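Here is what Swiss-Prot says about this protein:
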- E226: active site, nucleophile (ACT_SITE)
- E231: active site, proton donor (ACT_SITE)
- N81: N-linked glycosylation site (CARBOHYD)
- N284: N-linked glycosylation site (CARBOHYD)
- 405-431: region 'Disordered' (REGION)
Amino acid sequence: MHQRALLFSALAVAANAQQVGTQTPETHPPLTWQKCTAAGSCSQQSGSVVIDANWRWLHSTKDTTNCYTGNTWNTELCPDNESCAQNCALDGADYAGTYGVTTSGSELKLSFVTGANVGSRLYLMQDDETYQHFNLLNHEFTFDVDVSNLPCGLNGALYFVAMDADGGMSKYPSNKAGAKYGTGYCDSQCPRDLKFINGMANVEGWEPSSSDKNAGVGGHGSCCPEMDIWEANSISTAVTPHPCDDVSQTMCSGDACGGTYSESRYAGTCDPDGCDFNPFRMGNESFYGPGKIVDTKSKMTVVTQFITADGTDSGALSEIKRLYVQNGKVIANSVSNVAGVSGNSITSDFCTAQKKAFGDEDIFAKHGGLSGMGKALSEMVLIMSIWDDHHSSMMWLDSTYPTDADPSKPGVARGTCEHGAGDPENVESQHPDASVTFSNIKFGPIGSTYEG
């Protein structure tokens, strides 16, 4: 995900590290959600959302000079990582006007293209300075989503990562912006497109993208476990745990980061592939999509349960279960139709069998597998985003992938989208009005957040 260049008329306060500007007040859009104790017994929580720091206007602490424009840094203000952090400030956001982000009660709508801005990434806040932390173990997480306006190549994602609740302020005193300004992001790709990591800029080694006018790849990445509850559009969906060797955020260097942004995908300390359950990829082509069993033309409720071996909030993660509720009917997740792979939930046995059946390298097991994922689930931050994919055009989600593989081979077909349909150039020009709407977030013990 990438910051988009903004222009404001501003003066900023000077200080001595990753700074905060004063031109646009930072007002987090309110978003309510519910904490449940038993079925039908839920209490409303008053939260808010904050946009990631990577999208924000970054300018000189002394005036309105951009520190970053398009996909390049200002070399005078940012000759190195430390100087850049001292010289540059993040400013507040116009959520609706600049980023196409609006809230109403429990509803969050993310628009795809707004002016020059493409996509967004938002975090749920506990208060103005702190991300909301969740312990997913022995709990379920439920939300409503409308994906009807998400065509091929787009991803309206809801997921968790093991970010610091304060955005890294206490660990890295040079970070003066913190969670209030959306700092501290990490995930299992160890993303190197972040402009700041651990309170320092990522300008050293920065290479502007050849395909994305707003993004680039820096010398460092930010790694942490990632639980993808929902990566989806109107064609395909996947739920995917991604463990890492460390349960909290760490910084990596260069191609040793692995993941999407590096020469060697599996060189890092995280699992960039995960163990995914995509109904189409698992052989059921009539389960999810327009007019299918889970009909993406209508809003749906998505329930994800994190079962522990001993039924406690600190037990070992043993299973991730998915079900849906639509039009008052509970719909069990589709069952695998792949030879040698059984079940309709994510377990250690499922993941081992799936990797074998698809001929995929088992990086999931290498980095701890399901139990490793479970160790990170006690302190997770909720993320909601909309994005397109400059690396592989989202074909890993909704098309056949790898592109040169036999589509009849197990695991290659992931959805009905044609090659090229999801190219960012196409979706940004043909579907700028695409959007995703999340609402009615509920969290509580198993069985407490839905009826049916």
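Glycine too: its Cβ is placed from the backbone N, Cα and C atoms.
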Item checked: Using Cα positions only, nearest of the recorded positions to N284 (N-linked glycosylation site) (N81, E226, E231) -> E231
Check: Of all the glycosylation sites given, N81, N284, which has the fewest Cβ neighbours within 10 Å once its own Cβ is left out?
Finding: N284
Item checked: Secondary structure of N284 (N-linked glycosylation site) (DSSP, helix/strand/coil) -> coil
Note to self: What does the DSSP secondary structure composition of the region 'Disordered' (405-431) look like, as residue counts for helix, strand and coil?
What the structure shows: 7 helix, 1 strand, 19 coil
Checklist line | CB within-chain contacts under 8 A for E226 (active site, nucleophile), separation at least 6 | finding: Y159, F160, V161, A162, D187, S188, Q189, P241, H242, C270, G274
Notebook entry, point to check: Counting every protein chain present, what is the number of Cβ atoms, excluding its own, within 10 Å of the Cβ of E231 (active site, proton donor)?
Noted result: 24
Margin query: If I take the alpha carbons of N81 (N-linked glycosylation site) and E231 (active site, proton donor), what is the distance between them in whole Å?
Written below: 33
Check: When DSSP states are folded down to helix, strand and coil, where does E226 (active site, nucleophile) land?
Finding: strand
